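Taken straight from TrEMBL:
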{"type": "ACT_SITE", "residues": "HIS514", "note": "active site"}
{"type": "ACT_SITE", "residues": "ASP562", "note": "active site"}
{"type": "ACT_SITE", "residues": "GLU571", "note": "active site"}
{"type": "DOMAIN", "residues": "112-584", "note": "domain 'Glycoside hydrolase family 9'"}
{"type": "REGION", "residues": "1-28", "note": "region 'Disordered'"}
{"type": "TRANSMEM", "residues": "74-96", "note": "transmembrane segment"}
Amino acid sequence: MSMYGRDPWGGPLEICPDSATDDDRSRNLDIDRGALSRTLDETQQSWLLAGPGDQGRKKKKYVDIGCLVVSRKLFVWTLGVLLAAAVFAGVVAGIAKAIPRRHRPTPPPDEYTVALHKALMFFNAQRSGKLPKHNNVHWRGNSCLKDGLSDPAVRRSLVGGYYNGGDAVKYNFPAAFSMTLLSWSVIEYSAKYEAVGELGHVRDIIKWGADYFLKTFNSTADSIDRVVAQVGSAATSPGSTQPNDKYCWMRPEDIDYPRPVVECHACSDLAAEMAAALAAASIVFKDNKAYSQKLVHGAATLFQFARDRRGRYSAGGSDAAKFYNSTSYWDEFVWGSSWMYLATGNSSYLTLATHPKLAKHAGAFWGGPDYGVFSWDNKLTGAQVLLSRLRLFLSPGYPYEEMLRTFHNQTSIIMCSYLPIFKSFNRTKGGLIQLNHGKPQPLQYVVNAAFLASVFSDYLEAADTPGWYCGPHFYSIEVLRSFARTQIEYILGKNPLKMSYVVGFGNHYPKHVHHRSASIPKNGVHYGCKGGWKWRDTKKPNPNIIHGAMVAGPDRHDGFKDVRKNYNYTEATLAGNAGLVAALVALSGEGHGVDKNTMFSAVPPMFPSPPPPPAPWKP
């Protein structure tokens, strides 16, 4: 057996590359070439294979790990030490993890988020009909379960919806605007709603309103000839003692007098606003395809009715003319067609929304004292902001670009009017902007402006635009956000009276809200039409706190009278709270930004049409 043969373990003896030189090998071979030529016996071979001093002892065992041969005993010890160290480290880590630690507490929510939770609760307090178990307003119950059925001229269920304010009338015009505004805020800021755990709640609020609107007309038909305008009566003719929702002061749960239904056959403003509400809601509920399509169909039917049967819903001496008078329907046409386009992607609606004559009738080209004041009556400003969004993110181009650019420019002018330097609107000494020029109930207009300023600033930021121009002067988007914050902070308590105008927020807020349910205890006693007057007239605070209700607000001198009978100070409304919710969610949280894509989920890819060629040149 040659010494260069295989070793006893089956491998070559020289495992690693031989580093010896040729001279070394020659010298070793010269030592005893004769000896190498002899055949070695088994004992001699074992001597050669054994190291010095190993003869006669037990052979070592080795482990081959590539380029290295190590003692198996050393290998086992090393491996054991490593495993023991790993087990020890795991035990130490487990003990350390089990030891209770003092984690840094989660930072408290900002004041806008706290107020948002409360403001949404107001809608739960305004619900009519059979209440869901999760309504969470303990002093409310089922009410007006015969609405529509008790009116011999209607004879169909109109149960549900919302009471508009402190009485029990259901006005569809301001209620529809409220639902449109809430839907708009959800489409833009659904992530913020979800982050604070309110997305499901606000969607439920919107659905409650949308389901009721579907009851107020034949929503399965393609064409209609009437729509319900209101349920309940607020007629207050001098000397009248007829029980109704204004004259009586009683809980809705106890109402036992007739509640007439008012239908209209020519009400473009109402129908277009209800179409906007259903169209906006269809985007909110796009994850429920069947329900979303149901809303879109109803919206299309209403909008066609609005276009076919022209007229103001509040014409004449109706209740609506006294409490929620609509000055025109042109702004609802721009507003409604904008939402119809976003809900359907049908370009005919966009063509209508950007028609110059329609814009002219709606007042887009002239100022006036109420220009830029967004409210349940005037939707033009909201429509201009909404269409500016379309231009910033999609840029449809010809043939819409000219009017979209006009709307965008007008929006910029309106945003300038909100800044104190331009003196378009007066301010109280405490800093509250007077969008209604010192008239009562100012806060509903203020919160709408705060929302528009916030959402427009987020549009600009999403479009990588740092600000906008007011004449030659450039203002950053932070200026707009600062305006919105200062106005909302005034409402939440940073005002001369140090009073929060949102019930339940802070320690100092109105205690005598003009609200029937809140002012009458739920004690099992049925207080009749006049029986509740004692609760209306008492100077004691309301026994029930209507959390989140934003009252009408202070006067132009920052004064406020916490008097139940004076609704110009103490009444809360759906439209006011919808604007408050929208502004609060826009300002809440640490980050800014809107959901750029959900608004356009129904809009197909846009390929702008080329403009027509110029007329042939003539000398």
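Using the three backbone atoms N, Cα and C, a Cβ is placed for every residue, glycine included.
Around the Cβ of HIS514 (active site), the number of neighbouring Cβ atoms within 10 Å comes to 25. GLU571 (active site) has a Cβ environment of 21 other Cβ atoms inside 10 Å. Cα to Cα, GLU571 (active site) and ASP562 (active site) are separated by 10 Å. A C-beta separation below 8 Å, combined with a sequence spacing of at least six in one chain, links ASP562 (active site) to PRO510, LYS511, HIS512, TYR569, THR570.
Note on the domain 'Glycoside hydrolase family 9' (112-584): its mean pLDDT in the predicted model is 96.
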